[in-house]
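Feature annotations, reproduced from Swiss-Prot:
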DOMAIN    4-167  domain 'EngA-type G 1'
BINDING   10-17, 57-61, 119-122  GTP 1 binding site
DOMAIN    176-351  domain 'EngA-type G 2'
BINDING   182-189, 229-233, 294-297  GTP 2 binding site
DOMAIN    352-436  domain 'KH-like'
Amino acid sequence: MPKPVIAIVGRPNVGKSTIFNRIVGERVSIVEDIPGITRDRIYSAGEWLNHEFNIIDTGGIDIGDEPFLTQIRQQAEVAIDEADVIIFMTNGRDGVTAADEEVAKILYRSKKPIVLAVNKVDNPDMRSDIYDFYALGFGEPFPISGTHGLGLGDLLDEAANHFPKIEEEAYDDETIRFSLIGRPNVGKSSLVNALLGQERVIVSNIAGTTRDAVDTPYSKDDQDYVIIDTAGMRKKGKVYESTEKYSVLRALRAIERSDVVLVVLDGEEGIIEQDKKIAGYAHDSGRAVIIVVNKWDAVKKDEKTMKAFEENIRAHFQFLEYAPIVFLSAKTKKRTQTLLPVINEVNESHSIRVQTNVLNDVIMDAVAMNPTPTHNGSRLKIFYATQVAVKPPTFVIFVNDTELMHFSYERFLKNRLREAFGFVGTPIHIIARARD
């Protein structure tokens, strides 16, 4: 099941981004200095007690020079469209404003659960002023302070009470779930239809015509699949035309439910910045990844074109160096038959478990080939390694000092593991841990 989504909505200057940052904390910080991985502050993962969720800050939408109330309306529409629960943010210092009432009218019609938050209640003396907010029609207002972090626990408790009940998906463990993600009109739905051999998903040359994520069970050569097709961005309202940020929302929710993620590119148009952003989310998820170049039939080419395009992909997506690249045409169905075997291969790699003795032989051979680094006269010592997880393969390496594990040496060890065990299409995680 995808994680529930909370949207924070409200007029400007009520502190939406401050509350967003308070809730997500360090989870939005960039931990890898790799080109192409952009953590978008408008959307992030959050956690409260035993609840995991995704959260949207609608204040991050760049509307441009639109009139004030139009901006508010567009932000509210995004929240209504995407969220399971909406936190309606107001400002306790200003009281109820006409703009708050405008937001309330829109949200009241949404029939989504609304939790009313009154921000900037920074001291107990201000609590008596929040009762005016009952007039907005959303029940008890929750006083909070983004500056001091006060009241967020009660607010999140109330939001979590409205999360959809989690239901187990009716697919067995042998079923491979894969999603197709990419910007609008790269041919995701056409590719689904090419695989299925039928017009199962509505397809149009208008970008964003797939209405939502669609699950399609599918079997081929005794292997069961579930295809999760996502719209890149719905054609609904000017807000979707004016920002690309929300194109990742459905992709992210589909990624959470996938074993394998297909990042679909438009071979005719080439690579743009939004492709890199979406691919970065695929990498960050830890899922197996395949890069699919669609519309290859429309590309003027010679014997060098494919190699040049592949080199361009590798240059732009350095963080996906492990992902195989498949060139095809959903329209003509050329090379589409090559896709499922690659999906099977990367899914298998994603689940590889290596015996501890074999793993340690490979690690020690790597150390003999390329001695561990030193820093300030101290040398990194590797004692032993063990695999602690699959999907993705995750290894703990016990060392004398974790600070001595330089990222370049970690990358060297990852490359040696790939050479030894394959790991096609899957990221590898290495955790350095000091031995007690």
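The backbone N, Cα and C atoms fix where each Cβ goes, glycine too.
Structural mapping of features recorded in Swiss-Prot.
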residue : record             : Cβ neighbours (10 Å)
GLY10   : GTP 1 binding site : 29
ASN13   : GTP 1 binding site : 11
LYS16   : GTP 1 binding site : 25
THR58   : GTP 1 binding site : 27
VAL121  : GTP 1 binding site : 24
GLY182  : GTP 2 binding site : 25
ASN185  : GTP 2 binding site : 19
LYS188  : GTP 2 binding site : 28
TRP296  : GTP 2 binding site : 23
Cα separation, ASN13 (GTP 1 binding site) to GLY182 (GTP 2 binding site) (Å, whole number): 33
Residue among binding-site residues GLY10, ASN13, LYS16, THR58, VAL121 with Cα closest to the Cα of ASN185 (GTP 2 binding site): THR58
Inter-residue Cα distance where the pair is TRP296 (GTP 2 binding site) and GLY10 (GTP 1 binding site), in Å: 44
Alpha-carbon distance [LYS188 (GTP 2 binding site); VAL121 (GTP 1 binding site)] in Å: 47
Helix, strand or coil at ASN185 (GTP 2 binding site) [DSSP, three-state]: coil
Distance [Cα-Cα, Å, rounded] between LYS16 (GTP 1 binding site) and LYS188 (GTP 2 binding site): 34
Pairwise CA distance, TRP296 (GTP 2 binding site) versus THR58 (GTP 1 binding site), rounded so that it is a whole Å: 37
Rounded distance in angstrom between the Cα atoms of LYS188 (GTP 2 binding site) and ASN13 (GTP 1 binding site): 39
DSSP-derived class (H/G/I helix, E/B strand, else coil) of ASN13 (GTP 1 binding site): coil
For the domain 'EngA-type G 1' (4-167), mean pLDDT (0 to 100): 78
